[in-house]
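Taking it in order: structure first as structure tokens, then the write-up.
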């Protein structure tokens, strides 16, 4: 006759292998009578371990199936959104929150490329990246880039370019600028906007470059923004033009205005810096360098601050501002 422990084990096995008869189970598993109470307790402990292991195994399988199902559903969602790739593992949770991006933005930017195909806007020939003397020593060329950006604030490209030509003829080097009196420097950069303030900024910044950077310019956005008269837009553009390093989107008044008109910001922004942060949140990094020049020229020629040429714009049916502007003229 089987012991009490044997009966329990037989019952558990019959549950686990329900497709077999009890007689078959009994014939395959031989259970001996325990010789004492100690052995009986040992077998009962083994039974408890067996039951716990079975529970863990079932739980693990359920979790695995659940994760696989969630990943499949999320990947299906990504494909519907037109996004490539798949989600699994540690990135699964982060990928659930798909980033916001404006509708039809790829079509919009392709249309702007087409409208800017001639590359004949002022920024294309007289922008800040065209003002430096590329034949000068590297330190001097980087200094030219920084000064041209400082002059360009709220100033048309043609005016900035003319001022840079006069400065270069005068001798646009750190030692020479420090030896130039404020009146002469003002005459050289006039009529750039706020030229008196910019004379002060240039002289103070140049002194810092001489004292702290051995006549060179800083090599980070953080350090550049600490210079008098230098803001985030200038710093990011300077990192690209002077150092060849892409650190962010240079957002000026044109990029700021057009981004809001196109609905390229999730919520309307009031400052260029807020627009920069909003754009960088969704625009692919590989387009950051292109978008500044592309949109500045577009703003200079078509999407003007006043009287924009919406009727001839290829994006007139995709742009929220263009749609309203066109209705207002009907």
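Glycine residues also receive a Cβ, built from the backbone N, Cα and C atoms like all the rest.
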Region 'Disordered' range according to TrEMBL, out of 10-32, 33-55: 33-55
Mean predicted confidence [pLDDT] for the domain 'HhH-GPD' (151-301): 97
